[in-house]
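First comes the structure, then the notes that go with it.
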Amino acid sequence: MRLILLGGPGAGKGTQANYIKEKYGIPQISTGDMLRAQIKAGTELGMKAKAIMDAGGLVSDDIIIGMVKARLQEADCKNGYLFDGFPRTIPQAEAMKAAGVPIDYVVEIDVADEEIIKRMSGRRVHVASGRTYHVVFNPPKVAGKDDVTGEDLIQRDDDQEETVKKRLDVYHAQTEPLVKYYGDWAARGEAGAPKYVKISGVGKVEQIRDSIFAALG
């Protein structure tokens with residue numbers, strides 16, 4: 001099972017990725033983790049990436065694809081792999097295709113912007129313990145206070161409505177075109193084209209999980 005998981009910030013990709021990894025016995029491929037591992041190992045690609053990052057630059061798609069190909073040769077990828085957060089752009093998707101990285105399914109978890117804003121901007125955190133709440137879905141017993149200590153809860157900067165809206169803007173501009181790219185490729189039915197599956201990300205996490213599993217077969 002070789003797949004790409006797409007969806008906006010707050011769509012629930014992380015939760016569903018864990019279910020998929022467990023069911024199919026496949027690793028989640030994170031480009032951030034790969035970069036750190038290659039730099040730590042002192043590989044040629046890792047050193048190139050480190051030099052670029054140290055200079056404040058963005059690591060090129062060529063280097064990332066090289067790391068992806070190396071990562072997929074490792075033993076834990078024998079049953080497949082799950083990409084979450086990569087590719088982010090059409091050029092990255094094209095580079096993966098050109099490099100012959102096989103993909104069986106592209107799964108999009110679809111959640112409307114208004115729902116994502118409600119989910120993320122309603123989160124509250126107790127900093128010392130890491131306990132999380134939600135003003136609508138999982139409220140504390142006393143508004144704004146941690147259930148255990150009674151201490152104040154905070155809203156993280158990442159969860160503020162303006163920040164969430166900016167992240168959604170970036171997603172729509174950069175990553176959402178991938179939905180069309182993979183949908184069109186799947187529709188053409190070319191050899192090597194992945195199957196494209198759109199799943200509603202609204203509802204209980206178990207229902208969403210079961211919908212994904214049913215689609216993957």
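Glycine is no exception: its Cβ is also placed from the backbone N, Cα and C atoms.
It should be emphasised that the depicted structure is a prediction, and the values quoted were computed from it without experimental measurement.
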Which of these ranges is annotated region 'NMP' in Swiss-Prot: 30-59, 90-119?
30-59
Among R2, R123 - the residue Swiss-Prot places in the same ATP site as G10, A11, G12, K13, G14, T15, T132, Y133, G203:
R123
Between Y133 (ATP binding site) and F86 (AMP binding site), the C-alpha gap once rounded to whole angstrom:
29
Taking all residues of the region 'NMP' (30-59) together, what is their mean pLDDT?
87
Where does G10 (ATP binding site) sit by DSSP, helix, strand or coil?
coil
Going by DSSP, how much of the region 'LID' (122-159) is helix, how much is strand and how much is coil, in residues?
3 helix, 10 strand, 25 coil
Other CB atoms within 10 A, centred on R156 (AMP binding site):
13
Reduced DSSP assignment, G57 (AMP binding site):
coil
